[in-house]
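Features reported for this protein in Swiss-Prot:
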- Gly78, 81-82, Ser86, 88-91, 106-114, Ser118: 5-phospho-alpha-D-ribose 1-diphosphate binding site (BINDING)
- Gly78, Asn109: anthranilate 1 binding site (BINDING)
- Ser90, Glu223: Mg(2+) 1 binding site (BINDING)
- Arg163: anthranilate 2 binding site (BINDING)
- Asp222, Glu223: Mg(2+) 2 binding site (BINDING)
Amino acid sequence: MTLLTRIKTETILLESDIKELIDILISPSIGTDIKYELLSSYSEREIQQQELTYIVRSLINTMYPHQPCYEGAMCVCGTGGDKSNSFNISTTVAFVVASAGVKVIKHGNKSITSNSGSTDLLNQMNIQTTTVDDTPNQLNEKDLVFIGATESYPIMKYMQPVRKMIGKPTILNLVGPLINPYHLTYQMVGVFDPTKLKLVAKTIKDLGRKRAIVLHGANGMDEATLSGDNLIYELTEDGEIKNYTLNATDYGLKHAPNSDFKGGSPEENLAISLNILNGKDQSSRRDVVLLNAGLSLYVAEKVDTIAEGIELATTLIDNGEALEKYHQMRGE
């Protein structure tokens with residue numbers, strides 16, 4: 001039975017099946033047509049949680065058989081694929097969170113389905129990505145590291161053409177935030193598909209995170225939003241996964257439609273992020289950053305409650321520390 005047949009007919013795939021799939025997808029010598037058929041078929045099936053863990057571990061082990069660890073490190077990112085074309089919320093959040101002293105290893109990529117991915121924005125900011133080997137030194141000095149996915153996982157470049165061909169979210173969108181080269185203590189992940197929240201939360205637990213939040217934003221975003229109830233799966237320190245809804249209005253933030261968060265080109269997104277960090281933007285765009293930064297600070301144990309996290313994020317922007325972190329990352 002071929003791998004394609006097994007993907008289409010088997011309820012649960014073996015770890016060996018997953019390894020075969022990954023080996024094909026990262027091969028430079030196998031044609032895009034074959035990869036397209038396998039990846040599109042796999043992304044249409046009901047993915048089992050153990051399979052997602054197999055995929056993540058297969059990719060990590062391929063590049064980092066002895067995965068490095070930085071105690072207390074956190075990643076804040078989304079799966080992408082929500083087609084919202086929002087500005088770079090999680091990248092902006094990273095500056096705020098790192099300015100609180102959280103060790104942030106932000107793992108990002110160029111855009112697949114939007115106008116500007118995190119790496120596109122960093123290029124516009126003149127902020128260099130950091131190598132995996134140099135990450136501890138920069139974390140010690142600046143508390144913030146941006147690692148480009150194509151640099152940390154050069155094998156992923158062999159998947160990019162087929163992802164572009166498919167033109168919609170695939171299993172790789174779920175995988176992206178989970179393959180940080182470093183073993184993380186904390187993580188906050190936004191997921192484009194609400195039906196995958198529990199799947200991702202359980203996988204994050206399998207990966208050994210201490211605390212995490214996996215969320216789906218109201219009305220379809222992969223960030224917490226201001227437009228309604230956000231769906232939250234929280235991994236607690238004792239290993240429990242609890243789910244609940246979170247509405248920004250309960251924390252003193254005004255309701256706003258997701259359309260308020262539309263971004264544009266990397267140049268336009270730079271202006272948006274900078275005006276939030278320097279305090280000039282007091283609109284709902286600032287509020288959505290405060291909400292996501294507050295959640296991140298709560299996960300990273302900088303505060304005891306989400307409300308305190310939002311309050312701390314507000315202070316970090318208003319007192320200039322978040323902007324100072326931006327300038328520090330630019331070498332200024």
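Every residue, even glycine, has its Cβ placed from backbone N, Cα and C.
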Rounded Cα distance in angstrom between Glu223 (Mg(2+) 1 binding site) and Gly78 (5-phospho-alpha-D-ribose 1-diphosphate binding site) is 7
What whole-number Å value do you get for the CA-CA distance of Asp222 (Mg(2+) 2 binding site) and Gly78 (5-phospho-alpha-D-ribose 1-diphosphate binding site)?
6
Neighbour count (Cβ, 10 Å) for His107 (5-phospho-alpha-D-ribose 1-diphosphate binding site):
24
List the residues of the same chain that sit at least 6 positions away from Ser90 (5-phospho-alpha-D-ribose 1-diphosphate binding site) in sequence and have their Cβ under 8 Å from its Cβ, in sequence order, or write 'none'.
Val76, Cys77, Gly78, Lys106, Ser118, Gly190, Glu223, Asn292
Across all chains shown, how many C-beta atoms besides its own are within 10 angstroms of the C-beta of Asp222 (Mg(2+) 2 binding site)?
27
